[in-house]
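According to TrEMBL:
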DOMAIN    238-358  domain 'Fe2OG dioxygenase'
BINDING   His256, Asp258, His312  Fe cation binding site
Amino acid sequence: MYGSENNREDSDRTAFRRAEKKYKLYYDNNASFKNKKKKQPKPVDLTEVFDFRSILECHHRNGELPPDVIVLQDKFSSPVFSLQNRPGFYFIPGALSIEKQCDLIRESLTDFPQPPNRTNHNAIYGPIHNLFVAAKQGKVLVEEKSPITSPEPSTDFGCRDGEEWKFTTEKEASLRKCRSVSGSALLRKLRWSTLGLQFDWSNRNYNMSLQHNKIPEALCELAKQLAKPALPAGVEFQPEAAIVNYFASGDTLGGHLDDMEADWSKPIVSLSLGCKAIFLLGGKTREDPPLAMFLRSGDVVLMAGEARECFHGVPRIFTDKENAEIGHLETQLTHEDDLCFLKYIQTSRININIRQVF
């Protein structure tokens with residue numbers, strides 16, 4: 001559903017797989033001996049990548065649009081683009097203000113991964129509290145043996161009964177003979193967190209029995225407003241679940257479908273934060289050639305109806321200064337309390353996907 005589908009049938013012969021390989025980050029193995037310690041990314045041909053921000057600027061200047069691109073201006077405060085050959089797909093460039101982007105980056109790193117919300121770390125370490133703060137303070141997560149106090153089986157598969165992990169100082173961790181991992185390493189390996197109704201990755205469904213916090217009200221209201229271009233007049237989007245994806249340099253999101261929600265007429269509302277990425281929007285089979293497009297911080301994508309049946313993925317994020325295009329975030333996150341967020345987002349991308357489950 002959310003991750004890469006490693007299927008033998010998905011060979012290099014499919015159009016989607018070829019596009020993924022075309023834009024994926026590869027390093028140049030022929031670099032000179034002098035530069036071997038600093039890997040050099042292989043150059044990528046970006047001439048065929050759709051750029052909705054440039055399309056918006058051109059449309060503002062002379063009203064022109066590329067073939068098959070439609071602009072909607074009566075349902076939203078800023079132009080919304082759709083594609084004639086991808087019904088149900090909408091792109092809103094720069095929909096989020098700089099202030100809102102910074103607020104969501106802070107929340108994505110501090111609040112959204114907080115238990116009972118689940119992350120990819122639950123399977124090994126169980127619930128981890130205050131990961132970002134611990135990483136900032138140089139704390140280390142250590143394993144502690146604890147008595148089994150509950151007869152209920154653990155829902156955090158991989159974290160066995162009698163094992164508990166807690167943060168401590170580096171000095172104290174060095175004195176213990178037990179498994180440990182630094183908070184900064186865990187933060188770098190954070191790949192997803194879930195808000196609202198929790199998705200069970202093992203059984204590929206929404207597990208109503210898993211404890212969870214509701215999606216924050218401010219994020220719900222934002223999603224409701226952003227979803228309007230993809231809905232008939234008078235129909236309201238009901239945010240019930242969300243997944244936050246965290247990308248570092250070299251990370252990808254393989255081609256997949258989001259097909260576990262009951263009503264596909266309701267959109268997935270996707271918010272982009274941080275470093276620029278390439279998004280692939282394919283067709284209903286992997287054989288359909290996908291359209292590549294840039295996603296920048298503040299852009300919003302909606303996928304509803306037929307677009308929900310289209311394969312899509314993220315083969316590349318740009319973390320180099322020339323291509324990341326996060327200058328506006330660097331200008332905004334200058335306060336001393338924000339420098340830790342800035343350091344993270346300079347080499348990362350965050351994607352928040354909000355869904356109506358039922």
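Sequential numbering from 1, following the chain as shown.
For all residues, glycine too, the Cβ spot is worked out from N, Cα and C.
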Exercise for review: Using a 10 angstroms cut-off on Cβ to Cβ distances, just flag whichever of His256, Asp258 is the loneliest among these binding-site residues.
Suggested key: His256
**Study point:** All-chain count of other Cβ atoms within 10 Å of His312 (Fe cation binding site)
**Key:** 23
Study note, to complete from the structure: The correct DSSP tally for the domain 'Fe2OG dioxygenase' (238-358) reads 25 helix, 47 strand, 49 coil
Check your understanding: Across the domain 'Fe2OG dioxygenase' (238-358), what does the pLDDT come to on average, as a whole number?
Key -> 97
